[in-house]
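**Student:** Sharing the record's features from TrEMBL:
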type: REPEAT; residues: 5-39; note: repeat 'PPR'
type: REPEAT; residues: 106-140; note: repeat 'PPR'
type: REPEAT; residues: 176-206; note: repeat 'PPR'
type: REPEAT; residues: 207-241; note: repeat 'PPR'
type: REPEAT; residues: 408-442; note: repeat 'PPR'
type: DOMAIN; residues: 632-712; note: domain 'DYW'
Amino acid sequence: MDERDNFSWNVMLGGYAKAGFFDDALNLYYQMLWVGIKPDLYTFPCVLRTCAGIPDLERGRELHVHVVRFGYESDVDVTNALITMYAKCGDVCSARRVFDGIAHKDLISWNAVISGYVENEKCLQGLELFSMMQNRPVEPDVMTMTSVISACEVMCDMRLGMVIHGYVTKAGFVQNTSVGNSLIHMYAKSGKLEEAEQVFARMESKDVISWTAMISGFEKNGFPSKAVDAYEKMKLEGLEPDEVTLASVLAACSCLGFLDVGIEIHERARKRRILSYPMVANMLIDMYSKCKCVDKAVEVFRRTSAKNVITWTSMILGFRINGRSFEALNVFRQMLFELPPNMVVLVVVLSACSKIGALMCGKEIHAYALRNGLASEDYLPNAILDMYVKCGRMELAKKQFKIHGSKDVTSWNIMLSGYARQGYGSLAVGLFSEMIEAGVDPNDITFLALLCACSGSGMVSEGWQYFNSIKQRYNITPNLKHYTCMVDLLGRSGHLKEAHEFIEKMPIKPDAGVWGALLNACRIHRHVDLGQLAAKSIFEMDSQSVGYYVLLCNLYADNGRWDEVARVRNLMRERGLFVDPGCSWVEVKGNVNAFLSGDESHPQIKEIYAVLNSFYARMRTEIPDFPGSSQADVIEMSKAEIFCGHSERLAVGFALINTTPGTPISVTKNLYMCSGCHNTVKFISRIVRREITVRDTEQFHHFKDGSCSCGDEGYWGRRV
């Protein structure tokens, strides 16, 4: 165009602004000034909305100066745009000053400042302004009422919310879809789903937002099945869900394990080209992870270009809950190159460190939290404490516990559980006394830790005292886990008959866990008949948990009943159940190394076997009855291979090669430790004069100078 007037410039400005090209719109405005075109009352509302969209408060203030300079400060359309700009940029004080300076306020002026207060969570001021509005010759409209209802929602003031509900009904706004949607959101957020459903049912016209509000309300209030049902009904109505709808339904599918519905939503999102929305991608990762399809979650993660903190957290958590903590740590390290982790990410990663005993990685995260001022934030202190406890470093845990500024019952429970796992029953009892003296009220988890500590240390009378005090002294109703601990306490100490009688007299129906504790006790003490009775009760309630089949196989194997072992293993195959392969992790120089049973792909496998074989040769020379020569030893090693895997030997051998002499070695494994591995590691600790710690699925084994902290009683296949 050769000649451009105000209209031409305003059209271009409006086009850029509506298309979301805010920077281009602002640049065009400054070009307009440069060529000498004076902005008019149509220019400023458009440019101010552009500043609000960015948002850019400094530019907005500069434009306010221009408004005054060009004499438009008294135009109500321009001042309304100024109010909106300041509110969107978070400066509600300036928005209110502009509002107060308007001589003739219209409805848009009132709505702009009321919604500005609500959007900036200054809801009380917004409601006060609404009250003032009642005494002015201005009638509220739909926008006014949606803002006021949103204020009640943010404040969680249901009493006022119900009053406003009555007001909109009387004023004739209740059938408006936007007002109805706001009411549904308000009631759903406060947990009043019955009222939300009533509003929804009475709406004559429902849009996508209406259905999404109900679906989200059901999901967030613990009714995921109703959320999925509402989604199915929405589809029957012919409405196309948006990204918020799909994210809410995916969250419900995650809770329910509805993989089929999740896959259908994934396909719908792909066809509608909304997989790029972070909320959809994040919920897909979460859904696949919780449905045990973590590889599908990885696919979604890799294809997500705009990863945010939640994306990374979802993937790390997905690996963690699927037992792939090693990969969780690798993803965390990748994340550090992309964006800084927040407190939630650190809690999840510390949990992964705890699972595989990655002490150095856990220490690095602790140091990162200290450097960035996060070490005392929310759940992080307890997560750090838990990491040290589960890595078996009770001295470090005690230091963290001591400096923990706001110890709650969870902090005490973590320490109690640590002492229980280490077999320090007397220390756990002493710590519990300190807890009571400190005025901290115990909860049900406290007594679980105490009973486990008593069980691991054979403290039967103390265990009975604590169990009886749960209800009598602390008014806590014992749950099935407490009864399980008592059965374990009695059974481990050899009181099998008393343990069985205890189960028979329980005031609540025992579950598979209670009978499983008895089965484990029967395995330890080789009581086949009672063990079979326990197994029969277990499989009537739970026929899919592999651990119970393994316990039964162990019981039969220890008593030489190999036909029964074969029968149980055939039953497992028929039901599609398999024992996880043995896997051990060892941390060397800050890197976690994983070893699977039978896996010879490690680059140093030849050196590892050479080191181990040298120890085996020396054991044959120094130990007269070294296993492996008789047929019975061959059978024993065969069954141990099934239930142990010997992966910890590879981890120990690797650590010996790659660390300096005298360095303590810490190994974590996913199965029980067998007698062969136990004796081997004992021997190695004596020869190399190193402390070696192995954390198996049940307890810690601290090897030093040829002896173990368990007293040779805490490994699989021990003779009683």
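Keep in mind that glycine also has a Cβ here, set from the backbone N, Cα and C atoms.
Keep in mind that TrEMBL annotations are predicted by a computer and have not been checked by a curator.
Help me see these features in their spatial surroundings.
**Tutor:** Listed by sequence, the residues of this chain that lie at least six past the ends of the repeat 'PPR' (5-39) yet keep a Cβ under 8 A from its Cβ atoms are 46-47, 49-51, 53-54, 56, 59, 66, 70.
Residues 76, 79-80, 83-84, 86-88, 90, 92, 95-96, 99, 147-148, 150-152, 154-155, 160, 171 of the same chain, all 6+ positions outside the repeat 'PPR' (106-140), place their C-beta atoms under 8 angstroms from a C-beta of that stretch.
Here the repeat 'PPR' (176-206) is broken down by DSSP into helix, strand and coil counts: 23 helix, 0 strand, 8 coil.
Mean pLDDT for the repeat 'PPR' (207-241) in the predicted structure: 96.
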**Student:** Work out, from DSSP, the number of helix, strand and coil residues along the repeat 'PPR' (408-442).
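**Tutor:** Breakdown, helix to coil: 27 helix, 0 strand, 8 coil.
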